[in-house]
């Protein structure tokens, strides 16, 4: 292949090193000693610039970026601290207002409590009056039903018995009266006949007796007969029965007595209730009003200052760590770079022999010598292929991807990503301290809730004391009379039973009716009265009221629920609508951290884009190499280059001379001037010597001199520029 086109030259055309040395042997360039004065940098000069290697500079740039980021982060944290202090003051003010809410709410709650108690008492009074009236009427009705039923019952029995007795006596009297009168009349008639005969007999005797101066009395029993005719049973028999009949009690006295006795306690209770609670008004001044609260947790608690002090210490520590680590790394990287420079120097010395042998592609030799690592990597990768064309393409692709410009872009991208990684580590170190701030803020909320709970509990206890006093007053002044009235009713019922029993005893005592009437009374009235007394005893035992107490957390339950039981962070009473964090203080810190995070993210994206540019460049070279990799060279008839006319050696290699051939007359001539090369015919030489890096392949170098053109730095294979 031909490696140049007609009319082009390499500018400037430098003579081989040593061609100006008059002491050099004829036909060869004599190099200077490396430790002497040379136009290029020797080993010591190269080692003196080890600290200027790219890795040290990149690490220092990364260090500078990290320090700038740490400084900016510290400035942002200072701003966040000021905002957090302001937010804490706002929270403190709001917390004080929240803690003082019992002071403002208690007035309304007290009014509500008083109104509720008044309504309850008024309802209780109405209920009691209605209940007392109903119980009074019910008891009186019940007692009247009982004794009137009993009155009707034994009136029926007694009157029926007396009526039957009176009927029997009346029939007996009529019979006796009629019989006695008839007997009297019959006896009267017989006596009259006998008396008439006797009187006639006696009249004769009287005539005789008159002669003797005497008179026989006549018999006259008509008067007695008349008395016999008029005989009848005495009316006292009917009078006794009428007395029994008329003596049946009507219980009017019992009715009046029981009614008066029963009504008295009920009416007294009504009067007392109306007198004591008729116009009941709850004493609102007795209910407590809590004092205002002033919270000072921002001044008393150093949680925020502690958090930001820890953040500042973390940033300073990270700055020191990065400073120490990166400086040490930048210093230590000089060691392998120095070792690399030594190896590079030795490699350059070894590979400089290729130049002296005048047997290889000069551009390839220059590339191998100037870029030993990338060239070595390309040669190593190309060794996997047996085809020389593919070996060349592999080396070209690697050289394309590792050109100075490409490596600059790659190193810039990696340095940017490494700087982003350092900033990310610093950011994560700060984020790990955020839960401490959240915990501190949670304690702020707990302090507010605790203050609310204490104030609410104290107010509730005082209010409950007032309510208990009112309940005791009602139980004593109102329901105490209920207890008294139930006792009085029980006593009245006992008096009713005793009075009724006394009436029955006075009326039927000693008679055969007393025992049955007593049994009937116990059955009809006694058992019912006992049941009523049992019910009144139950009322007496349970006649009291207990107004419900005010809960201790009535004024703090909402705030406590927003802190402990809320599933949404925005439900916290410390949060503003739309806050994504649990409170305003951590929202300030998170906003700063998110800002820093966005900056790191932006830098990462930029570095990734720079890395993508290098990757795209690598893909361009790889795609072109792959296209040529699977292609073939064109023949001359297809537009390819002219055939190479040279004779290979016995090993099949064609020696390719370098650009400049040592001047055999140089020993007797002065050193040449550095000028544009003159147009000279191509010089072809055939040399072959073994060297470490192998052969550059079959080459033919042609240099056409042109005084006004600069030679291209592209490697040319044939007449096609790659």
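Placement of Cβ uses the backbone N, Cα and C atoms for every residue, glycine included.
What Swiss-Prot annotates here:
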type	residues	note
TOPO_DOM	1-54	topological domain 'Extracellular'
TRANSMEM	55-75	transmembrane segment
TOPO_DOM	76-122	topological domain 'Cytoplasmic'
TRANSMEM	123-143	transmembrane segment
TOPO_DOM	144-320	topological domain 'Extracellular'
CARBOHYD	220	N-linked glycosylation site
CARBOHYD	238	N-linked glycosylation site
CARBOHYD	245	N-linked glycosylation site
CARBOHYD	274	N-linked glycosylation site
CARBOHYD	279	N-linked glycosylation site
TRANSMEM	321-341	transmembrane segment
TOPO_DOM	342-406	topological domain 'Cytoplasmic'
TRANSMEM	407-427	transmembrane segment
TOPO_DOM	428-609	topological domain 'Extracellular'
CARBOHYD	454	N-linked glycosylation site
CARBOHYD	461	N-linked glycosylation site
CARBOHYD	483	N-linked glycosylation site
CARBOHYD	490	N-linked glycosylation site
CARBOHYD	505	N-linked glycosylation site
CARBOHYD	564	N-linked glycosylation site
CARBOHYD	565	N-linked glycosylation site
TRANSMEM	610-630	transmembrane segment
TOPO_DOM	631-722	topological domain 'Cytoplasmic'
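The glycosylation sites listed here (279, 461, 490) include no residue with a Cα within 10 A of the Cα of residue 505 (N-linked glycosylation site). In the three-state DSSP scheme, residue 279 (N-linked glycosylation site) falls into the coil class.
When the Cα of residue 490 (N-linked glycosylation site) is compared against those of the glycosylation sites 274, 279, 454, 461, the shortest separation belongs to 274.
Of all the glycosylation sites listed here (279, 454, 461, 490, 505), the one with the fewest other CB atoms within 10 A of its own CB is 279. Most Cβ pairs within less than 8 Å of the transmembrane segment (321-341), among stretches 55-75, 407-427, 610-630, belong to 55-75. In the three-state DSSP scheme, residue 454 (N-linked glycosylation site) is classed as helix. Sequence-distant contacts of the transmembrane segment (55-75), counting only residues of its own chain at least 6 positions beyond either end whose CB sits under 8 Å from a CB of the stretch, comprise 312, 315, 318-319, 322-323, 326-327, 329-331, 333-334, 337, 411, 414-415, 418-419, 422-423, 426-427, 430, 596, 599-600. Around the Cβ of residue 274 (N-linked glycosylation site), a 10 Å sphere holds 12 further Cβ atoms from the protein chains shown. For the topological domain 'Cytoplasmic' (342-406), the predicted model reports an average pLDDT of 70. Counting residues 6+ beyond its ends, the transmembrane segment (610-630) has Cβ neighbours under 8 Å at 389-390, 393-394, 396-397, 400-401, 406, 409-410, 412-414, 416-417, 722 in the same chain. Here the C-alpha separation of residue 279 (N-linked glycosylation site) and residue 461 (N-linked glycosylation site) works out to 27 Å. Mapped onto DSSP helix, strand and coil, the topological domain 'Cytoplasmic' (76-122) counts 46 helix, 0 strand, 1 coil. If you take the Cα of residue 274 (N-linked glycosylation site) and the Cα of residue 454 (N-linked glycosylation site), they are about 40 angstrom apart, rounded to a whole number. When the alpha carbons of residue 454 (N-linked glycosylation site) and residue 461 (N-linked glycosylation site) are compared, the span between them is 10 angstrom.
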